[in-house]
Amino acid sequence: MEGIPHPVPRTVEEVFSDYKGRRAGLIKALTTDVEKFYQLCDPDKENLCLYGYPNETWEVNLPVEEVPPELPEPALGINFARDGMQEKDWLSLVAVHSDSWLLAVAFYFGARFGFGKNERLFQMINELPTIFELATGSAKIAKDQHQLPAHNNGSNSKFKSSGKSRQSESQTKGVKMSAPPKEEDDSGEEDDDDEEDDEQGATCGACGDNYGTDEFWICCDMCERWFHGKCVKITPAKAEHIKQYKCPGCSTKKPRIA
């Protein structure tokens, strides 16, 4: 339900620009604006949809009343499933439906203006990571400026993905910056030549599996143990909104009474 009319794209380049703008808005809703998006998707409200607009904004609103609609409509009733599943699973579901909707809109324009089968539109779209890949942290490379905040800024050095350290202001405070380290010897000496072996020897505090460079990890601020994001139900998108992370074990510990 777009309040402000947008120019109708008529060429491959214009449709691709429209696609990128809508995509950017949806990524904002599921990453940097995820708390606001979560609150707007109240299960007690009527069927709600998540819209992305060409000007890189987003909106949660009721579906259009026009039948058939002028453009393909996004998934209906995303708010109903919010409290019935894990937050990360719900966000992943919304992300998949958002990807499907973006393609539907792009190829609606393609069909309307007679783009041939050999046009570049799909190839151009396919070069970008999907919203689902970004929301779940499975995108290996930031192919454009809309990569998740967890991969392009330094807001929190406790989160890491793809085996690369995050740079942030907290480096001066002694916060862990590198991959989850293996337990050090009593001597406390470190050998740069063994850094790769140390990373491979690190284990998850939840499942006990070894560190993998293609997985998202998070460190507990209390016990300083490292965990797979999937083991503690934390995605890169959710991690961006955590100021101090406590693992499940530390969260259940009762404070000592003097």
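Each residue, glycine too, has its Cβ placed from N, Cα and C.
The shown structure was predicted, so the numbers you read here are calculated from the model rather than taken from an experiment.
Annotated features in TrEMBL:
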type     : residues : note
REGION   : 147-203  : region 'Disordered'
COMPBIAS : 152-165  : compositional bias 'Low complexity'
COMPBIAS : 183-200  : compositional bias 'Acidic residues'
DOMAIN   : 201-253  : domain 'PHD-type'
Within the domain 'PHD-type' (201-253), residues counted as helix, strand or coil by DSSP: 9 helix, 8 strand, 36 coil
The domain 'PHD-type' (201-253) [mean pLDDT, rounded to integer]: 81
